[in-house]
Amino acid sequence: MSSIVRLSGITVRNLKNITVEFCPREIVLFTGVSGSGKSSLAFNTIYAAGRKRYLATLPSFFATKLDSLPDPSVKKIEGLSPTVAVKQNFFEQHIHATVGSTTEINSYLALLFSLEGQAYDPVTLHPLTLYSKEKILSEIAAIPDGTQLTLLAPLPARDVLTVRECLRQGFTKVLIDEEVVPIHKFLTTGIPVPGQLIVDTLIKNTSNTPRLKVSLFTTLDIGHGECSLHFDNQKRVFSTQATLPETQQTYAPLSPDLFSSHSHKDRCPQCQGSGIFISIDDPCIIQQTLSIEDNCCPFAGNCSTFLYRTIYQSLADSLGFSLSTPWQNLSPEIQHIFLYGKEGLSIPVKLFDGTLGKKTQTHKQWKGVLNEIGEKIRFSNKPARYLPKGTSYTVCPRCNKTGLSDYANATRWHGKSFADFQQMSLQELFIFLNQLPEKELAIEEVIQGFKSRLTILIDLGLPYLSPERAIDTLSGGERERTALAKHLGAELIGVMYILDEPSIGLHPQDTHKLMNVIRRLRDQGNTVLLVEHDEQMISLADRVIDIGPGAGIFGGEVVFNGSPREFLAKSDSLTAQYLRQEQHISVPAKRTNSLGTITLSKANKHNLKDLTVSIPLGQMTVVTGVSGSGKSSLINDTLVPCVEEFIEQGFCSTLSIQGALSRLVHINRDLPGRSQRSIPLTYIKAFDEVRQLFAEQPRCKTLGLTKSHFSFNTPLGACAECGGLGSITTTDNRDSITCPSCLGKRFLPQVLEVRYKNKTIADILEMTAYEAKNFFLDEPSIHQKIETLCTLGLQYLPLGRPLYSLSGGEIQRLKLAYELLAPVKHPTLYVLDEPTTGLHTHDVKQLIYVVQSLIHQGHSVIIIEHNMHVVKVADYILELGPEGGNKGGYLIASCSPEELIHKHTPTAIALRPFLSSPQELPYLPDPSPKPPVPAAITIANAHQHNLKHIDLSIPRYALTAVTGPSASGKHSLVFDILHAAGNIAYAELFPPYIRQALIKKTPLPAVDKVTGLSPVIAIEKTSASRNSNHSVASALEISEMLESLFTRIGHPYSPISGDTLRTISPETIAEELLTHYTKGYVTITVPFPKEEEFFSYTQEMLQEGFLKLYANEQFYDLDGPFPTSLENPALVIHHVKILEKNLPSLLASLTLAFSKASSVCLHIEYAGTSLSKTYRQGLQDASGNLFPNIETPSILNHESYLCPLCHGKGFLSTCSILPHKKRFAQHTPISLFTSLFPNQDPSPIYPLLNELGIPSIALFQEIDILSFESLCLGTQQHLGLNALCTKAMLMESEEDFPPDLISKTPCNQCQGLGVYTYKHCTRIHSISLSEIYQSNVAFLKKLLLSVEEEPSLVQDILSRLDLLDRVGLGYVILGQEQQSLSDGEHYRLLLAKAFSSGLTDVIYLLEDPLAGIHPEDAPCLLAVIKKLVTNHNTVIVTDREGSLAEHADYLLHLGPEPGPNGGYLLSTSALKQSQPVLCNTRSSEETPQLSVSVSTSTIQIENLAFPLQRLSTISGVSGSGKTTLLNSIYEHGCAILEKDPSVFSEIIFLDSYPQIASSRSDISTYFDIAPSLRNFYASLTQAKALNISVSMFSPNTKQGQCSDCWGLGYQWIDRAFYAMEKRPCPTCGGFRVQPLIQEVVYEGKHFGQLLQASLNEVAETFSFLKKIQKPLHTLITNDLGYLSLGQNMASLSLSEKIAIKLTKHLFLPPKHPTLFLLDEIATSLDNQQQSALLVQLNTLVSLGHTVVIIENHPAFSQQADFWIQMGRKTDNHILFAGPNPNLSFT
């Protein structure tokens, strides 16, 4: 077994080709100075590799739900398991984020409310009742017998069609205003007012019960779920929707969406979900005489910007008003909608999509400008910053801050509203859930998941938080722990958790709670990797890996890797030196004196207990306390706003200041910019100076470049391909790859020609702050700004790194650096919130030095902090506590550190060791033995399908074979239970929307509990679908990787001349102009975008400074006027004379033009002539032929780059009628064409018919063979029927065309690749993609071993090629379509795909992996399976034949019989299965023969003759051509069938795939048993009395099926992000038919019960129905009598489906001679079924039929009359073909 995780050759970011090793199930602590490479190793390498490998094995719809990580640059990875990461993402919180939404508590609550909530009418608060049909019947049943009942259905007014339909159905009366009126009076007008149709009047008694049911269901159908019942002067109204009888108001059923304030449909109509109502106090705030266009509302978005102009114009268009209308002239309704929105108002808007790079149509929900502001206020910790002057806000009076609709707010669950739960603390919520009575299983599962999530949050020290608390108001530590809680609830084993400084924000007292949670994860059997600086956490670690020795370029090496004790004793790293106190942060010898005091009173925000605190000025004050004690509430939410108010207004009622203070700098963790374009160099205002420096270089002036060209944020200098980002997102897995155009440099080539001190502008951005500080020594201003970064411990930070990728601590230090750069003379108060986040102790020392320098300058600093190194150097300490939440909010200490350690507060206890002399070393407990990992997967009370409530254990890290007869429960156990439970458990690690996608098709398994699970990968044969568009290479993503490799390092060549292609760029165009048109003039234009509105685009371009437009071969001013018609309008970029000195201007203009459009048109005036030339960026050969740019990632999957002939499919579809003459015997050529293409004209067929002399009314059966062939293939003058049908098919959807009429051939133009021909000419080492796809694994391996570039990608491809070799598919052509593979090859390809992840600690579930495999192929596949176990995985296989029994480590045998008599766990060792032993007793006399020839790339056979009326077996290794030979026999057989039907009258081809079944297919319909039984039931007296027709005895007709479950007998209960639950339909009781049908009974069974009866029972009960006895008897003979008559085909096991298929076609054979072709049909059968099959095959032969079967089982070869042994994969011929040498004939 793999006992180590090893990653070698890591070169990610600054990591220097390092190798890292650690053991599974360890807590590994990554430490080192800030910027040393810890996160690069943990997240960008280990996490990225583990996650990507596992996601690749999941369904693609799930893998694409997550933003894929790029492949890390690692040479080799061993022992990695699936990974889950928890990173610091404080700045990524959505504006609406609350504790409830972030931790998914709201999702749990919404689900429970929807499943169990009681709805109430919001106005009357009366409970709403949703009546099911059976509940209505039970209500009516309570009415005394003998009562007259009248059933009525609501009827709309003025609806003539409804009146006519009612008359047609036989209804005669309508109730209008309490008066009964004949309905025929309203035949032409409809009823004048809403009324009620009288459906039936009857006396309630037993004999009328069936009639009552019929009438009730009819009434509900007519009334769309509503009906009225009149009796004894009473009126009752029923509805299948939630309805209040008093008001008749109807409400939708409860759903999770109803309890979300973001739901467009269900949010509060007044505040539009914000929960806040903003009122306008100053009537003059809106300027009445101005219009919206003139910005009459100062708090609305500026209408002069393109964004808001577009939105407001769309709103105006939707509501029918003008933006230029003064506000006072707008109607009150329009004014209200503009300010407060309108319920359900959605407006179409065309906005720019940064992902697509163009404007796209979208829809915006219009909430109103004030409600948009309200959303920001509700979730902000500083509401005042968003509140416009002249307005005030209150809680929304309608929804009371919930943002929910009235209906949602009125709903109760266990007596409480949704808002009640939002206001509870997490501890109170947990207690409430614990007190609930036990629920049914489906509800209990949700509640247990809910409690598990709450338990983790409480264990992490957050019991005091409430779900409604906004994330923006939490401290940094609280945010980190809410994020952490989402990931720690799954009970999986073998997962690698990677945590990013989980101790952030935790007080030392709380850290032990976190440590317990992490220790529990490890003890559960997982690996935990921590990126940490907290000295306490070292006592938790099993291993320490120190990365360093320095930061940035000075780090990236493994300094130490070993136990914590060895680390302290032996390591010389900075971390170890600080831990041993060889280096330390000194306590100041003397504390700074106070310069004044800030006194804050009545602080009561959140949990603060009306505090009064005094904070000294001129000192460093640290605010500390346990988590949740109120630190952020005191400083960020109370003190900061008060100080701001005091400074602005000179007064604050709750604040007084004694001393000088004139400025406040609040440095929080908020991201200063979310754009990828915000970088440290721009933030500290140094980039402008750097750009100016480059603009002053001589080369810059030569090229005509300005300062603007050195910005990657403008099109003048930014790379046009990536827009200045340096990277682009490819369509293969959305990986972000280096831009192939600028190679990550961000800028255009001409910009990079300019150098300063031999460095380009791109080189500057790649420098770290340390490198740049030394580089700019000669530029004092730039040097000073960058040196400030180094002073604050950011020396490792690359100057061009996007700000969004920084941690919270890095952001604060960057902000502090910016503040330090501004010379401040006035006394300033600096407020910092945990600035040590992400800092090593060595960097904390530098930070303290900076803070103390501010103090020495006379400023004041307040720091919220838990780091004891900072606390010990503080001048003054405020400690809040004593606990978190409601038990916190008190001031428990306010003194110096020396005074604090004599108190008994949590901080005092933590601080004492740091003030002791000498300081104590960290406590390292003795290593304790880790609890053993569960040795087994335990399953309790498994009762899926026929499993008999079994309990069992399956060993982990072993190969377990589950054996037993077919349908004994093997598939139910392995796939329906283990796979489902594993999927559900792994999904717990993800947010609800991703979880929902993964488990939406995973039904809740019928089992009490499954423990000991790891992430699961399952491969079922029944789900092994094939896609003809996919090749062998694409199955393992080899094709995508090759595409990426060719994109990155391939060299394009011209497909015409073979010359190297040159790039079309501004430089090449300018060069061409100077070469051929010197001294001429050129006008550079770009076409107007077709999707843009003309006027808005011209206005936009005018604002950008453009002046002219070119159209109709002349120029116009861009501001008009224009003629009525403009032909091909184009924007004029520049007009310039073509001279060498104007080259810079030409380059700049062409660059700008290409940034505006993909094509540029040049209008050239030269030597008295005018010409126009159009250029597109791309590639060009020497002859001027243009090709798309091969370097662009779009080439991977973009419509414009596809082969124009086959449109990217790689094949051409043609219609072939020729082989189907017999099938269409009753058609004429015209009738066939019109039936296939009813919307197309058949007239082109007539000339062909005239030429061939075929009457247009001639049937195909009347046309001779030669004429039919000419009709299909055509003549020299006219297209044939094949070509005409192909042409018609291409004009419509190919998907709607019968697939068996379509013939697919590889596209000649693209050689089957589906892309432009020139792409084939892109080569690596002279080898093209097409050559690779036409070769095998060995060819590609040889090429890749010679490639030195992209080592990580090359290694990935090689590993997958190696896997193809290991599963025995090394011989397969990489471009071969999957559908052309044999069954064995295809299944092994699926295995290879699953095994390609290379992961450990995974459970692999395989379905009969050796079934049907040739003995020579079995060892290689068995070796791969064994290798999986060796690599520390668990493999569980189903094994029908027992072929794996001798190789398995553990055996489970289920049985003893199939179906109801199976499902028992018989033993944990396989029972020996008997092998079929039969004797062939046929005579050896000769029979007619069929001769075939085959010539393909894989097999060459000439004139193979095999006997008819005999059993022939084809055997051989996978890939030897068995299926190809069988297909050839089929084609030859079809040809013979056309010419001479006497040889055999039919051909039946059966493969190993089960019959395709819908949700309605069952045994009774498949074998045509149901019609006879329906006729019988319809003939019964009861049926006639109730007027029930034959068709009503069917669950598949509208009249007969239960209308609530549509005849399925069950309903799916959607539990949102939990697995779907399948429940019997309550209306029909699971019997599928409507209640009326259940009134007709025969032998104690109604028709629904009959469908649930076994075939044995049906055969015995209806022995007199001779027509159904044969199929029933045959099914029973084949041991399928236990199946129920209405058994759904989709619910059968694979072996049962195959047995059904065989029964239909082989055991109920045709009467005339038939050719049976069977392709590995026996591989899904157990040995007993195989014996029965052999008996039947011999019976068929004795009846004169011919059987040819592909089968490697020895018993079939031994019984065959004729044996064909195929050669090895590379032989291309037959080893043996002749009479069976082992068979002695009688």
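Backbone N, Cα and C define each Cβ position, glycine as well.
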The annotated zinc finger range in Swiss-Prot, which must be one of 383-406, 575-598, 719-742, 1007-1030: 719-742
Per Swiss-Prot record, range annotated zinc finger [choices 1143-1169, 1386-1412, 1602-1628]: 1602-1628
Neighbour count (Cβ, 10 Å) for PRO965 (ATP binding site): 26
GLY628 (ATP 2 binding site) and LYS416 (ATP 1 binding site), distance between Cα atoms, whole Å: 26
Cβ packing number for GLY35 (ATP binding site), 10 Å threshold: 32
Cα-Cα distance linking GLY32 (ATP binding site) and SER627 (ATP 2 binding site), given in Å to the nearest integer: 26
Candidate nearest GLY625 (ATP 2 binding site) in space, where candidates are the binding-site residues ALA410, TRP413, HIS971 and distance is Cα-Cα: TRP413
Additional residues around ATP 1, ordered along the sequence, whose Cβ is within 8 Å of the centroid of ALA410, THR411, ARG412, TRP413, HIS414, GLY415, LYS416, SER417: PHE113, GLY117, GLN118, PHE418, ASP420
By Cα-Cα distance, the member of binding-site residues GLY628, SER629, SER632, SER1518 nearest THR411 (ATP 1 binding site): GLY628
From binding-site residues GLY32, LYS38, GLY628, SER632, the one whose Cα lies nearest HIS414 (ATP 1 binding site): GLY628
CB contacts for VAL626 (ATP 2 binding site) [other CB atoms within 10 A, all chains]: 27
Densest Cβ neighbourhood among HIS414, LYS416, LYS631 (binding-site residues), 10 Å radius: LYS631
Sequence-distant neighbours of TRP413 (ATP 1 binding site) in its chain (C-beta under 8 A, six or more apart): LEU109, LEU112, PHE113, GLU116, GLY117, GLN118, PHE421
Alpha-carbon distance [SER968 (ATP binding site); GLY630 (ATP 2 binding site)] in Å: 62
Of SER417, SER627, SER629, SER968, SER1518 (the binding-site residues), the residue whose Cβ has the fewest other Cβ atoms within 10 Å: SER417
GLY628 (ATP 2 binding site) CB neighbourhood, other CB atoms within 10 A: 32
Mapped DSSP class for SER629 (ATP 2 binding site), helix or strand or coil: coil
From binding-site residues VAL626, GLY628, SER629, SER968, GLY1521, the one whose Cα lies nearest SER417 (ATP 1 binding site): GLY628
